[in-house]
Amino acid sequence: MVKSTSKDAQDLFRSLHSAYSATPTNLKIIDMYVVFAVFTALIQVAYMALVGSFPFNSFLSGVLSCVGTAVLAVCLRIQVNKENKEFKGLGFAGEFDSRQYALVLLGLVHRDCELGMGINWSLFPTANTIN
Amino acid sequence: MAAVESLPPGTPSAMRNAFGTVLSALILVLIGVLAFSIRLFSVIKYESVIHEFDPYFNYRVTQFLSKNGIYEFWNWFDDRTWYPLGRVIGGTVYPGLTLTAGTIWWVLNSINIPLSVETVCVFTAPVFSAFASWATYLLTKEVKGSGAGLAAAALLAMVPSYISRSVAGSYDNEAVAIFALIFTFYLYIKTLNTGSLFYATLNAIAYFYMVCSWGGYTFIINLIPMHVLLCIVTGRYSPRLYIAYAPLVVLGTLLAALVPVVGFNAVLTSEHFASFLVFIIIHVVALVYYIKGILTPKMFKVAVTLVVSIGLVVCLIVVAVLVALVASSPTGGWSGRSLSLLDPTYASKYIPIIASVSEHQPPTWPSYFMDINVLAFLVPAGIIACFSPLSDASSFVVLYIVMSVYFSGVMVRLMLVLAPAACIMSGIALSQAFDVFTGSIKYQLSSKSKDNAEDNTSTKNAPKDDASSGKTDKGEEVSKERSSKKGKKKEREPAEKLSVKSKIVKKKALVLPLEASIVALLLLIMLGAFYVIHCVWAAAEAYSAPSIVLTSQSHDGLHVFDDFRESYAWLSHNTDVDDKVASWWDYGYQTTAMANRTVIVDNNTWNNTHIATVGTAMSSPEKAAWEIFNSLDVKYVLVVFGGVIGYPSDDINKFLWMVRIGGGEFPHIKEADYLRDGQYRIDSEATPTMLNCLMYKLCYYRFVETDGKGYDRVRRTEIGKKYFKLTHFEEVFTSHHWMVRIYKLKPQKNRIRGRVKKLKQKTSSGVSSKSVKKNPWM
């Protein structure tokens with residue numbers, strides 16, 4: 001029973017790996033970016049758990065902006081993916097422009113949240129020692 | 001639409017499309033003008049004045065903003081209300097409305113149109129109702145097409161429920177918030193239909209404007225996740241759904257946290273947890289679909305069993321942590337108002353202030369018919385029409401109307417949220433009905449003419465045959481060509497006839513007889529006429545009263561009761577700037593805005609204990625009340641009394657709430673002391689506590705001088721205690737119709753004879769009565 005499940009698991013991972021390596025390179029780049037953004041958000045959460053959430057503004061803006069760029073990158077991937085039949089003829093550049101609006105808004109809001117406490121280091125939590 | 005673009009501009013269908021666009025633009029302009037003008041009845045019947053109570057606060061804030069600029073506004077600490085506590089205006093007000101009106105005023109003044117702040121405030125609501133009907137057009141167009149959109153916009157321009165909160169002069173949050181609500185929903189549906197990130201960004205910005213404007217934004221942030229969940233559960237997940245929802249959650253939460261009123265509540269309170277939960281769920285679903293797409297079915301089954309076994313354990317841990325977090329706060333993280341929406345009996349048990357507001361009571365059945373009239377029975381037809389092709393957008397409006405019907409049943413004030421949903425549904429129903437009827441008429445008429453045409457062509461064919469058969473070779477060749485052409489035509493004709501017949505069979509199933517369609521069309525138009533008549537009547541008679549000025553028709557003409565403004569003007573002219581005025585909380589906003597005096601409690605009702613203090617003072621005998629008011633530095637007490645003219649919303653009718661709220665905080669006020677046979681009475685059967693309390697004395701002081709008998713027109717009895725003197729208060733002002741009465745606290749006497757003996761008696765009696773609850777002010 002265990003052997004069959006472990007064999008199944010190995011087969012599963014192999015098939016996942018082979019299917020994933022078939023995706024085009026630009027989509028893989030987007031995926032890497034998403035993983036990096038989520039990783040940064042997780043680091044911030046761990047930091048907050050360690051040090052305490054006192055300037056909650058900076059925590060909130062940092063985490064939500066990381067998650068935000070991840071989400072927007074996923075949206076970009078959805079729209080650019082050629083296998084997605086619902087988005088035809090838009091192409092990489094067109095969607096990039098729409099995404100720019102969203103990113104600009106995210107950046108403005110992020111800056112606004114930070115300035116609420118006058119901190120500029122929320123994306124680099126290790127330097128966040130002064131008020 | 002693509003077919004239209006490819007047609008050359010001169011073709012008939014392109015012309016028809018252009019004509020249609022121009023016509024619908026013209027109709028939209030007319031709808032906007034209609035929405036604006038139907039709200040002007042109060043300006044015509046009374047004057048251009050701000051109505052009710054809450055709008056006066058918004059007006060005062062807008063005045064401050066226009067005078068001092070936006071930085072002062074954000075940092076404003078108001079020390080003229082809630083004395084001695086004050087109120088942080090920048091952090092407790094929803095800034096959308098005041099910023100909008102302030103911006104309009106500033107823009108108009110900078111292009112040298114010198115409108116006063118009051119004019120801008122009075123007319124903001126009608127202007128934004130025109131915008132709201134255009135937004136309804138856009139939203140319904142996304143759901144069902146532009147015909148339904150125009151019908152829905154026309155219905156929303158006139159619906160009485162929306163008129164009631166947006167007449168000219170009703171300068172309240174809902175005036176702007178309903179426009180923001182509909183516009184946000186429109187952008188959400190547009191993003192869902194197109195999958196474009198540009199509209200997703202606009203959606204987040206519109207949601208931000210909604211958060212700025214009204215506390216009802218929690219409706220949006222719970223309805224949209226519910227819809228996303230509904231789509232996932234019914235198998236309508238698509239990448240467009242992800243694009244419509246995920247950026248909205250992240251950007252929307254960040255933007256909501258920027259508004260000072262909301263602040264960190266955007267991530268900490270239970271009202272927002274639904275959106276985060278569905279955010280996680282949609283990511284899981286997206287991942288599942290992605291993996292399903294790249295794996296073979298067998299491998300997918302293996303993946304599912306693996307994930308389910310591991311994931312279940314992780315899920316249970318996370319859920320346990322969440323539940324512990326939420327359960328640790330006493331209300332599970334919900335605010336009082338939201339809890340009273342979910343459990344309608346909550347407020348009456350725990351928070352009497354929320355229960356006492358008349359807008360928070362459940363509505364009666366007649367009020368549904370009054371407020372949405374004909375739409376009440378067009379809505380079910382619209383719901384059915386939404387199902388005939390069920391798309392994401394139409395499932396959203398169905399969910400919207402179901403949720404808004406539930407919430408409107410809990411609180412009368414939320415009938416306002418029901419109004420746009422009802423208009424959209426009815427617009428869809430009306431448009432579908434018109435389609436069917438006009439389609440049948442068109443088909444019936446065209447089929448009649450087609451029968452005539454077929455007869456003509458068959459008679460035309462017969463002579464042609466005769467002509468061709470009787471001709472020479474040329475004729476024969478020609479006839480052969482003709483016959484071959486005719487043969488081809490005839491071959492095509494049967495084929496066409498077959499396809500046309502199948503179409504005819506299909507259409508015949510939907511087609512109604514000609515007379516029935518015409519009659520039904522006329523009846524629908526009459527229905528619309530009844531709706532319009534009702535709406536205009538409601539706007540003119542029921543919802544245009546400014547409540548600060550009262551009128552009544554009697555046999556000797558129109559009487560105008562302007563007592564409120566008279567007394568506020570007296571206050572502002574005859575008292576010092578720093579004098580404090582105590583009254584029940586209803587009149588706080590008006591007093592600070594019009595009389596410009598510091599008040600103790602006002603309509604914001606954020607501090608229950610302070611309100612209970614004033615309530616206790618009004619329910620106590622004169623000396624105790626004087627002590628309480630003196631401890632709050634009060635100089636003047638204001639009461640509203642309707643007994644002379646029969647004005648029913650006066651302080652004696654509100655007295656039961658003073659006793660209840662005061663008794664909730666200070667147990668020495670017991671409601672039973674004021675009740676005789678379970679009723680509050682002021683006649684000779686009233687309890688002695690009632691006859692001695694401050695409210696009774698201040699209202700009925702010298703009342704017997706008006707008609708000699710002391711007959712109270714509202715309570716319809718003679719009063720109990722008619723001749724009495726006031727020992728600690730003196731009357732300084734009574735308005736023309738005795739509606740507002742102002743009293744001044746008498747200063748303490750320097751020397752009281754026999755006081756030493758009284759003190760000794762007090763100490764001896766104090767030892768023996770330890771078990772009785774002591775009045776904390778004595």
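For all residues, glycine too, the Cβ spot is worked out from N, Cα and C.
TrEMBL lists B:462-494 with the feature compositional bias 'Basic and acidic residues'.
Taken from TrEMBL, the feature domain 'Oligosaccharyl transferase STT3 N-terminal' applies to B:22-425.
Positions annotated as domain 'STT3/PglB/AglB core' by TrEMBL: B:578-637.
Summarising the annotation, TrEMBL assigns region 'Disordered' to B:450-494 (among others).
Per TrEMBL, region 'Disordered' is recorded for B:755-778 (among others).
Marked as transmembrane segment by TrEMBL: B:18-38 (among others).
Annotation source TrEMBL lists transmembrane segment at B:88-108 (among others). A Cβ distance under 8 Å defines the sequence-distant neighbours of the transmembrane segment (B:88-108), meaning residues of its chain 6+ beyond its ends; these are 58, 61-62, 64-66, 70, 73-78, 114-115, 117, 120-121, 124, 128, 171-173, 175-177, 180, 209-210, 212-215, 259-261, 263, 604, 606.
Positions annotated as transmembrane segment by TrEMBL: B:120-139 (among others).
Annotation comment: TrEMBL describes B:145-163 (among others) as transmembrane segment. Within the same chain, residues 20, 24, 27-28, 31-32, 34-35, 38-39, 129-130, 132-134, 136-139, 178, 370-373, 375, 415-416, 418-420, 422-424, 426-428, 430-432, 434-435, 531-532, 534-536, 538-539, 542-543 sit at least 6 positions outside the transmembrane segment (B:145-163) and bring their C-beta atoms closer than 8 Å to a C-beta of that stretch.
Residues or ranges marked as transmembrane segment in TrEMBL: B:175-200 (among others).
Feature annotation from TrEMBL assigns transmembrane segment to B:206-230 (among others). Residues of the same chain lying 6 or more positions beyond the ends of the transmembrane segment (B:206-230) and with a Cβ under 8 Å from any Cβ of it are 94-97, 99-100, 173-174, 176-177, 180-181, 183-185, 187-188, 241, 244-245, 248, 252, 255-256, 258-259, 262, 271-272, 274-275, 277-279, 281-282, 337-338, 395-396, 399-400, 403, 407, 414, 417.
The transmembrane segment annotation in TrEMBL covers B:242-267 (among others). Tertiary proximity for the transmembrane segment (B:242-267) is limited to same-chain residues at least six positions away from its ends with a CB under 8 Å from its CB atoms, namely 74, 90-95, 188, 191-192, 195-197, 200-201, 203-205, 207-208, 211-212, 217, 221, 224-225, 228, 275-276, 278-279, 282-283, 286.
As annotated by TrEMBL, transmembrane segment applies to B:273-291 (among others).
Positions annotated as transmembrane segment by TrEMBL: B:303-327 (among others). Among residues of the same chain six or more beyond the transmembrane segment (B:303-327), those with a C-beta under 8 A of the stretch's C-beta atoms are 270, 273, 291, 295, 333.
Here TrEMBL flags B:368-387 (among others) as transmembrane segment.
Per TrEMBL, the feature transmembrane segment maps to B:394-412 (among others).
Counted over residue pairs 6 or more apart, the CB atoms of the transmembrane segment (B:509-533) and the transmembrane segment (B:120-139) come under 8 Å in fewer than three pairs, which marks the two as apart. Packing against the transmembrane segment (B:368-387) from elsewhere in the chain are residues 143-144, 155, 159-161, 164, 394-395, 397-398, 401, 415, 418-419, 422-430, 432-433, 527-528, 530-531, 534-535, 538, 542: each is 6 or more residues past its ends and has a CB under 8 Å from a CB in it. Proximity of the transmembrane segment (B:175-200) to the transmembrane segment (B:394-412) is established through 3 or more Cβ-Cβ distances under 8 Å for residue pairs spaced 6 or more apart. Per-stretch counts of Cβ pairs under 8 Å to the transmembrane segment (B:18-38) identify B:120-139 as the leading one among B:120-139, B:273-291, B:394-412. Model confidence over the domain 'STT3/PglB/AglB core' (B:578-637) stands at 92, taken as the mean pLDDT rounded to a whole number.
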